[in-house]
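Among the features that TrEMBL reports, domain 'C2H2-type' is placed at 47-74, 75-102, 103-127, 131-158, 159-186, 187-214, 215-242, 243-270, 271-298, 299-326, 327-354, 355-382.
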Amino acid sequence: MQTDNEEKQSNVAHSIFSLDFSQCEEALSESILFNGSLGPHNGVKPYRCNQCDKDFTQSSSLKAHLRIHTGERPYQRSQCDKAFFQNVHLTNHLRIHTGERPYKCIQCDKCFKEISNYKRHMRIHTGGGLIRCGQCDKVFSQNSDLAKHMRTHTGEKPYKCCQCDRAFSQSTGLKSHMRAHSGEKPHQCSQCDKAFSDTSALKRHMSIHTGEKPYVCSQCNRAFSHNNDLIGHMRIHTGERPYKCSQCDKDFSRSGSLKTHMRIHTGERPYQCTSCDKAFSDNSALKKHTKSHTGERPYQCSQCDKAFYVNSELKTHMRIHTGEKPYKCTECDKSFSHSSSLKSHMTAHTGEKLYQCSMCNKDFSENSNLMRHLKTHINMESLSVPKVEVKEELICTNVIETDELLMSEDKCFINE
């Protein structure tokens, strides 16, 4: 009794003389025929998997496929514990570590690690088989890409973490998140010894070495390494704040700012100082605080002798020398050197009072007025200055010392 596989091979053999090979110079013999040379010509797939009924044109493809069922991963990288079913997958993986992107688009200079991604990308330029989203104007080269994109409109997050309650719209997001639990950092920088849990973090880091910042703001000429950073920055100028808190009426221009803000409601302070018992709700505040132990101020102004803990403070300070005022009020013709000043100014139009004294609960529209008011509470004998509670939308930590309030872009930092 013939098996399915034998029957297929028999049918192929009977039809050999009726096929036209005028466009192919391969000399086919019966032995070559059964090794898979015929398949590419007429779509016949004589090699069937006995586990799942998938068919293949070549025996080598069937052999590689069977490893999915057996779990065999013979292709392993010596520098890490990753192993793969096929050699081509190992080759693609190695490019994560080397940064190699051999497939370059001649239309827009984008480069890709894998030829499949390159081919998909080329459809953007050729227009072949593009699928448009019905909710927005984005186009995609594959139905699967459109399906993933649609989750941004529906809010669907089918990939759930088994360690915590986080959920993700894409499997890659879950995979990357799981490394937060495992501590795995497989993406190594080729220039230094730093490693990262995902490729996007490695790409951002690489701009430190290259210095490349191709994305320039049309409003203030600030340049960024990545387009996402520019998109987030542009919201400072447009006033767009798409990330809304579910617990209160606050909204934010960046998802990271919302995440940090949510810790006000949860009380979470995951960033612990190793030198003292202080903890912080965001990593940038911890980094700045750590320098208060070391006294390190590595960012020196080239125009005067001032030095700063963090680079963002130096950038803000430099506007004193340059006179740059990129933050423009939409209600009048005033402009400001940093966003916090614009935010304070906007209260003159809205009447909102953002700053509150913790001693008497009096509200103020500007921080400078609050500082002047605080002098009425100062104990002149001990020269102690009371701590001040500032409304949470301006800072990551509610309480600041009144002797110094350091502002940087959308954040206020505490001088510890």
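Every residue number used here counts from 1 along the chain in the order it is shown.
Even glycines carry a Cβ here, placed using N, Cα and C.
Long-range contacts of the domain 'C2H2-type' (215-242) within the same chain: residues 203-204, 207, 251-254, 324, 326-328, 330, 339, 409-410, each at least 6 residues beyond the stretch ends and with a Cβ under 8 Å from a Cβ of the stretch.
Note on the domain 'C2H2-type' (187-214): residues 96-99, 176, 179-180, 223-226 of its chain, located 6 or more positions outside it, place their CB under 8 angstroms from a CB of the stretch. Across all of the domain 'C2H2-type' (299-326), the predicted model scores a mean pLDDT of 88.
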